[in-house]
Structure formats: structure tokens, C-alpha cells
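Q: Structure incoming, see below.
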Amino acid sequence: MLPLPGEDKQVSPYLAFYVIVTVQVGVAILSFESNLVKDAGQDMWISILMAATATHVLIWMTYQILNKGENDITVIHRQLFGKWIGGLLSFLFIIYLFMIFVLTLRTYIEVIQLWMFPQIQNWYVALIIAAIVYLYVIGGFRVIVGLCVISFFLTIPLLALKIFPLKEGLIIYLFPVFDHHIVALVEAAKTMALNYSGFEVLLFCYPFFKQAPLSHKWAQLGSAASTFIYLAAALVSIMYFTKEHLAEVFWPTLTLWKIVDLPFMERLEYLGVALWLFVILPNLCLYLWAATRGLKQLFAIRQKKSLVFFLFLGVLFCAFLREPAYTERLLRFINEAGLYVMYIYIPFLYVYQLIYHKLRGQR
């Protein structure tokens with residue numbers, strides 16, 4: 001196992017805010033409304049709040065695990081389960097992060113193909129983005145966090161463009177409230193699981209925060225900011241479209257950008273798609289950095305080597321995932337895996353660690 005990083009490689013606790021916001025608000029925010037409205041209709045804002053509340057509890061559990069372990073998840077797994085089982089659990093976690101990387105990259109490529117360049121090859125775009133990701137990840141965690149800050153200040157004005165369609169929205173579309181059964185609301189909240197995932201990178205980057213326990217409140221604030229962004233986006237979409245129409249619009253945010261009328265620019269969605277690359281870059285970088293950091297902890301493999309391998313594998317996956325149906329299958333798989341990781345494994349690990357330390361203290 002590696003020693004804890006020195007202060008020259010660490011960042012201030014408040015930067016956890018930007019890490020969480022940027023990792024939770026990625027490419028999924030461009031389409032999440034159309035998925036939620038199928039289950040929860042105009043009440044989907046309730047499902048967003050339900051998922052957000054659960055996420056805050058999970059982040060709290062994550063920090064309890066990390067504060068007790070005083071290191072990243074690979075070390076904690078080894079402490080609790082031993083070398084082999086702990087190593088296997090860490091390796092599965094690394095695969096999970098890599099698959100989210102592939103899904104994020106492939107979904108963004110799909111956006112480019114649908115809205116800008118229909119004939120462009122998957123592997124070509126994936127290769128260009130992979131080269132950019134390589135340059136940032138090789139710079140280390142501090143460079144990636146700096147990218148997160150830039151991404152945050154790009155996200156806000158792009159999403160603020162939804163103010164334009166809000167002028168034509170009808171508040172009556174928000175009613176009636178509480179019109180759906182709790183089962184439907186819970187199903188919609190489960191659909192939001194992938195949108196709120198990403199905070200799991202804290203399990204790897206925790207040692208890279210100065211006075212790491214102090215970053216907890218900033219991580220919670222970051223998740224709250226993500227909730228506000230999702231809520232605002234959802235409410236605008238509900239008020240502009242009817243719920244029946246919204247269910248048929250797969251990319252609501254991009255569709256709403258199309259109606260923005262600026263005197264100096266047309267087809268604003270083209271600019272939005274291009275700039276959104278800088279919004280998803282921190283996602284891609286954080287997932288790969290965490291995965292390569294985990295491999296370095298487990299097998300003493302240099303991050304540079306494992307990074308090249310993961311990027312090559314990611315480009316290969318994107319090249320073979322040609323049809324949107326394949327991406328949809330991957331999305332369903334990752335969503336299910338995310339539910340198990342977030343709502344089953346993290347609570348299990350929290351309880352197991354409590355029992356482990358209690359029994360150890362009695363001895």
C-alpha cells in the first residue's frame with residue numbers, strides 16, 4: 001500500500017464542493033427529465049428530493065467509513081476483509097468506476113452524433129477525448145480539481161439559459177401535486193440513482209484533502225447544489241412541455257436551448273454541446289484517476305501505464321457500442337450496479353466497520 005499523499009499533492013477541504021457538483025452534474029442532466037416523467041409525471045420533483053435525501057445520508061455514511069479508516073477504500077477493504085477478499089472488492093469497485101467512464105463518454109458521443117455530426121465515427125471522437133483526458137489525469141489530482149472548478153462556472157451559465165423557455169412556461173403543468181402513488185415516486189427516485197452517483201470517487205480521493213474530515217460539509221453542500229440544479233432543470237421542463245410531450249423528448253435541455261433567441265447567435269444548442277465537453281471532462285478524469293489510483297494501491301502499477309490501458313479499452317468499447325440500443329443496455333446495467341453500490345454496499349460497509357471496530361475494541 002502507498003503512503004498517504006504529502007501536503008503538496010493535497011487540496012483544500014472546500015474544493016470537495018466542486019468535485020461533488022461536477023461529478024454529479026454530467027451528461028445525464030441533458031436527458032434525465034424524460035426518464036423521470038414516465039414514472040412520476042409532474043411529481044418528478046418529489047422523486048428528485050427523495051433521491052437527494054438518500055444521497056446525503058450515503059455521503060454521511062461514506063465519510064464515517066473514511067474517517068474511521070483514515071485512508072482510501074482499498075486500504076479500508078484490506079483492513080476489514082483481508083488481502084484477498086479486500087483486494088477483490090476493491091478491484092470490482094475499480095471496474096464499476098471504469099464502466100461509468102465508458103457510459104459517460106459514449107453518451108456524450110451520442111449527443112454529438114444526434115445533434116451535430118451524424119456521420120462521425122465513435123472511435124474518432126473517443127480518441128480525441130481520450131487524449132484530452134490523458135493530459136489532465138497525468139497532471140494529478142490537483143489539476144483535475146482545478147478543472148472541476150472551471151467546469152462548475154461553465155455549467156451554471158449554460159443551464160441558466162433555461163430562463164428563456166421559462167417565460168413561455170405554464171405553472172399549471174405542475175398540478176395536481178402528489179398525484180402519483182408512492183411506488184411510482186420510488187421508481188423514479190431509483191432512476192435518479194445514476195445521476196446522483198459519482199460521489200463514490202470520495203472513497204479514493206479522501207486522503208488528498210487537507211484535514212479530510214472537514215471536507216464532509218463541503219461534499220454535502222455540493223450534493224445540495226446538484227439537487228438545486230436538477231430541481232430547477234426539471235421544473236422548467238415540466239412547465240414548458242406537457243408531461244405527455246416531455247416523455248417523448250429524449251434530450252429536453254438541448255431542445256430547450258433550440259428556442260433561445262439571441263440577436264448575435266443562432267442554433268445555440270451547437271455551442272451548448274461543444275461547451276458541455278468541459279462539463280463532462282472532470283467526470284471522465286475523476287473516474288479514471290480513481291480507477292488508476294486503485295490499481296496503483298492494489299498492484300503497484302504506475303498510474304501512467306494503467307491510464308493508457310484504460311483509455312485504450314474505453315476507446316475500444318465506444319467503437320463497438322455503435323447502436324444507441326447498446327448504450328441503453330449499458331445504462332440499465334450501470335444503473336442497477338449503482339443501486340447495489342450506493343444503497344446496499346455502502347450501508348453494509350458502514351455497519352460492518354462499526355461492528356468490526358466494536359469487537360476489536362472489546363478485545
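Just so you know, glycine gets a Cβ as well, placed from its N, Cα and C.
Small disclaimer: the values here were computed from a predicted structure and weren't measured.
The transmembrane segment feature in TrEMBL is assigned to 12-32, 44-65, 85-108, 120-137, 192-209, 221-241, 273-295, 307-325, 337-356.
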Q: Give the nonlocal contacts of the transmembrane segment (12-32) in its own chain as ranges (CB under 8 Å, at least six residues past its ends).
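A: Residues 59, 104, 107-108, 111, 145, 148-149, 151-152, 155, 159, 191-192, 194-199, 201-202, 205, 209-212, 214-216, 218-219, 221-223, 225-226, 229-230, 233-234, 250-254, 276, 279-280, 282-283, 286 contact the transmembrane segment (12-32) from elsewhere in the chain.
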Q: Run the contact check on the transmembrane segment (85-108) against the transmembrane segment (273-295): 3 or more C-beta pairs under 8 Å, excluding pairs closer than 6 in sequence.
A: yes
Q: Do the transmembrane segment (273-295) and the transmembrane segment (192-209) come close, with at least three CB pairs under 8 A (pairs 6 or more apart in sequence)?
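A: Answer yes: the transmembrane segment (273-295) meets the transmembrane segment (192-209) with 3 or more Cβ pairs below 8 Å.
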Q: Under 8 Å between C-beta atoms and at least six residues away from its ends: which parts of the chain pack against the transmembrane segment (307-325)?
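A: Sequence-distant neighbours of the transmembrane segment (307-325): 98, 101-102, 105-106, 109-110, 121-123, 125-127, 130, 133-134, 137-138, 288, 291-292.
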Q: Counting only CB pairs under 8 A, let me know which of 120-137, 192-209, 221-241 has the most with the transmembrane segment (44-65).
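A: Against the transmembrane segment (44-65), the leading stretch is 221-241.
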